[in-house]
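> The structure's right below; bear with me while I get my questions together.
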Amino acid sequence: MIQKSRPALLQHQDVGDRVETLMLQPVIKAFLCGSISGTCSTLLFQPLDLLKTRLQTLQPSAHGSRRVGMLALLLNVVRTESPLGLWKGMSPSIVRCVPGVGIYFGTLYSLKQYFLRGHPPTALESIILGAGSRSVAGVCMSPITVIKTRYESGRYGYESVYAALRSICHSEGFRGLFSGLTATLLRDAPFSGIYLMFYSQTKNVVLHRTDQLDAVLVPVVNFSCGIFAGILASLVTQPADVIKTHMQLFPMKFRWIGQSVTLIFKDYGLRGFFQGSVPRALRRTLMAAMAWTVYEEMMAKMGLKS
C-alpha cells in the first residue's frame, strides 16, 4: 500500500513544485501586481465610469433647453437608483479590469525585458510599448468591455454576465462581442502609449533633478506624474471613446467608425465628441495614476524593476 501511494505523492509534489516555480516567474508577478492595482482603482472609480457612459448616451437636448451636467446626473442616479446605483456594472468592470490590467502590465514587462534589456525607454519606445501592451489586453477583454458598457448605460436588463453573453451571441452573433473593438483600440492604444510616454519622461525628469528623494515621497511623485500624464492622454483620446461607446451600445445604428462620426456630429455637433470628458478624464487619470503607483510599489517590494 505504501509503495503504491508513493508515486501519486511524488507526482503531487512535482505539480506543487511546478506551480511554485511558475508563481516565481517575473511575468506572473507583474500580472499579479497589475491585477491587484486594477482591483483597487476599479472599486474606487467605478461611479465616474458610469456617469461618463450615461453622459455620452444622453438624447440630444431640445434647442434652448438646459444641458444635463455631471452633478445633476449623479444626483438623478442616486435619487432614482439609490447610491449603490453608481456602482452598477461593477461585476463586468471587475471581470474586465482585474485580468485586463494584469495582462497589460504582464505584457508590458515582457516587452521591456525582451526589447529594452534594462535601459530606460525613449519617448517613442514608451509610446510603442504602451500601445502594443494595451492592444493585447484590449483584444482579450473586448467581450467583457461590451457587456460592461451595456450594463452601465441602463438600457439593457441583463441579469448576469452569462445572460448577457448568451443574449448578445443569440441576437448579434459572436461578432457582437467585439462591437466597437476598432474604436476601442483607437482609444486605448494611443491613450496607453501617450500616457506611458508622459509618465516615464516626466518621472525621469523629476527624479533626475532630485538627487536624493525620500522613499516616502516616491509614491507621491509617481502619483503626481500619473495625474499629469492622464489628463493629457485623456483629452487626446476623448473623441474615440465617444465613438466606441455609441458603437457598443447601438451596433445596428453605428456600424463603422466613419458612419458613427457622421451621425454623432449630426445629432450633437462637435461638442458631442467631448461629452462625458470630465468624468472620463477624472476616472482614467485617477485610475491610471493609482494603478501605476500601486504596481510600482508592489514590484519594488518583490525586488523587480517595473
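Here the Cβ of each residue, glycine as well, is placed from N, Cα and C on the backbone.
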> Among 180-203, 252-275, find the range that Swiss-Prot records as transmembrane segment.
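In Swiss-Prot, residues 180-203 carry the label transmembrane segment.
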> If we call contact 3 or more Cβ pairs under 8 Å (sequence gap 6 or more), are the transmembrane segment (276-294) and the transmembrane segment (31-56) touching?
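Yes, since the transmembrane segment (276-294) and the transmembrane segment (31-56) share at least 3 Cβ pairs closer than 8 Å, they count as touching.
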> With DSSP, how much of the repeat 'Solcar 1' (25-114) is helix, how much strand and how much coil, in residues?
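DSSP composition of the repeat 'Solcar 1' (25-114): 73 helix, 0 strand, 17 coil.
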> What same-chain residues lie close to the transmembrane segment (180-203): Cβ under 8 Å, and 6 or more beyond its ends?
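The answer is 104, 108, 120-121, 123-124, 126-135, 137-139, 142, 145-146, 149, 221-222, 225-226, 228-230, 232-234, 236-237, 240-241, 243-248, 251, 257, 260, 284, 288, 292.
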> For the repeat 'Solcar 3' (217-301), what does DSSP give as the number of helix, strand and coil residues?
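Residue counts for the repeat 'Solcar 3' (217-301) by secondary structure: 75 helix, 0 strand, 10 coil.
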